[in-house]
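Asker: Pasting a structure below so you can have a look.
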Amino acid sequence: MAEAEYFIWIAPEGDFEEEFGNITRMLPTGEYFSPCKRVPMTNRQAVVVFYALVFLLSLLGNSLVMLVILYRRRTRSVTDVYVLNLAIADLLFSLTLPFLAVSKWKGWIFGTPLCKMVSLLKEVNFFSGILLLACISVDRYLAIVHATRTLTRKRYLVKFVCMGTWGLSLVLSLPFAIFRQAYKPYRSGTVCYEVLGEATADLRITLRGLSHIFGFLLPLFIMLVCYGLTLRTLFKAHMRQKRRAMWVIFAVVLVFLLCCLPYNLVLLSDTLLGAHLIQDTCERRNNIDQALYITEILGFSHSCLNPVIYAFVGQSFRHEFLKILANLVHKEVLTHHSASFRTSLTTIY
């Protein structure tokens, strides 16, 4: 194999996390590199604050979504099971944000085991998110276009579908965790990064390609086809009630695409660059790195947006949440009156 071409310049101050946080190609480890000066990423303080805000909103919002769905056990639908799994995925991802925020500020100080764990949770969240949305699109298509309660509508089978989705997400995410480790490049701070040699570079490109196909392009195609056919049926049959019920799902899918599609398109360009299918130049590399930096932040924000959609678009969610809140207040009032009554009896007798 021909030697890999490197257009990399290490900043003298050694701020690797800021300069190279989103590079996905193989890193050189020697002292001399091709002189390609990188444009530094700025506003790290703002990024850290943003991560902290997303973490808090995601933790609170997704916990409430899980509470509402678990509370309505008797009336829980198939779609609710998928939404519950979406909330779990976003909640797990939010747990990685404190580590990512610290790494933006101080570099990776948590060692290789946590580097692998955080990378795994981050990737599993993304893959499981889009795969679960694809499952929801198929479920809605079968329920509305074919107007049937097939075997896929049975709750026990849906649980197996969700388990399969998590399993596939784990398989697609494993390469990212396997290759990542706490790495200290020449004249730079430690970073959680994929350390690859020349022998594994082609394997990594292949794995990235498979991830793009099975973890993004194929589920996206399934969603577009299923929702296209579902929308056509809804408008032809004038199903107003079902059309209103679909707005929440459409909003969830739309927000997911707006947040995650830009990052994946840039990541696909980065993969093509690493595979030498498009010419690697300093200007192109810098443009892709900056685009990855920005679109990744946009993608992270998705983990806290679904609960907002359920709250403002989903009438059923608001009703159930207010019902839970009313029950809690009612129990608190009863407990207070009961305690007051016991105190009065004790005082009298």
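A Cβ is built for glycine as well, from the same backbone N, Cα and C atoms used for every other residue.
Found this in Swiss-Prot, in case it helps:
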- 1-44: topological domain 'Extracellular' (TOPO_DOM)
- N22: N-linked glycosylation site (CARBOHYD)
- 45-71: transmembrane segment (TRANSMEM)
- 72-80: topological domain 'Cytoplasmic' (TOPO_DOM)
- 81-101: transmembrane segment (TRANSMEM)
- 102-116: topological domain 'Extracellular' (TOPO_DOM)
- C115-C192: disulfide bond (DISULFID)
- 117-138: transmembrane segment (TRANSMEM)
- 139-159: topological domain 'Cytoplasmic' (TOPO_DOM)
- 160-179: transmembrane segment (TRANSMEM)
- 180-204: topological domain 'Extracellular' (TOPO_DOM)
- 205-225: transmembrane segment (TRANSMEM)
- 226-247: topological domain 'Cytoplasmic' (TOPO_DOM)
- 248-269: transmembrane segment (TRANSMEM)
- 270-290: topological domain 'Extracellular' (TOPO_DOM)
- 291-313: transmembrane segment (TRANSMEM)
- 314-349: topological domain 'Cytoplasmic' (TOPO_DOM)
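For each listed feature, how buried is it and what is near it?
Answerer: Under 8 Å from some Cβ of the transmembrane segment (45-71) lie the Cβ atoms of residues 80, 83-84, 87-88, 90-91, 93-94, 97-98, 100-101, 104-105, 297, 300-301, 303-304, 306-308, 310, 317, 320-321, 324, all in the same chain and six or more residues away from its ends.
Across the topological domain 'Cytoplasmic' (72-80), DSSP helix (H, G, I), strand (E, B) and coil residues number 3 helix, 0 strand, 6 coil.
Within its own chain, the transmembrane segment (81-101) has Cβ neighbours under 8 Å at 47-48, 51-52, 54-55, 58-59, 62-63, 65-66, 69-70, 110, 114, 118, 121-122, 124-126, 128-129, 132-133, 135-136, 139, 155, 158-159, 162, 165-166, 252, 300, 302-304, 306-307, 310, counting only residues six or more beyond its boundaries.
When secondary structure is read from DSSP and collapsed to three states, C192 (disulfide bond) falls in the strand class. On its own chain, C192 (disulfide bond) has S103, W108, F110, C115, V118, S119, R180, Q181, A182, Y183 as residues at least 6 apart in sequence with a Cβ closer than 8 Å to its own Cβ.
Looking just at the topological domain 'Cytoplasmic' (139-159), the mean pLDDT is 72.
Tertiary proximity for the transmembrane segment (205-225) is limited to same-chain residues at least six positions away from its ends with a CB under 8 Å from its CB atoms, namely 24, 126-127, 130-131, 133-134, 137-138, 168-169, 172, 175, 253, 257, 264, 267-268, 271, 274-275.
Sequence-distant contacts of the transmembrane segment (291-313) (same chain, at least 6 residues past either end, Cβ-Cβ under 8 Å): 21-22, 24, 41, 47, 50-51, 54, 57-58, 60-62, 64-65, 83, 86-87, 90, 93-94, 97, 100, 125-126, 129, 247-248, 251-252, 255-256, 259-260, 262-263, 266-267, 269-270, 321.
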Asker: Let me check the 10 A CB neighbour count of C115 (disulfide bond). How many other CB atoms are there?
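Answerer: Here the count is 22.
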Asker: What is the number of residues in the topological domain 'Extracellular' (270-290) that are helix, strand and coil, as DSSP sees it?
Answerer: 14 helix, 0 strand, 7 coil
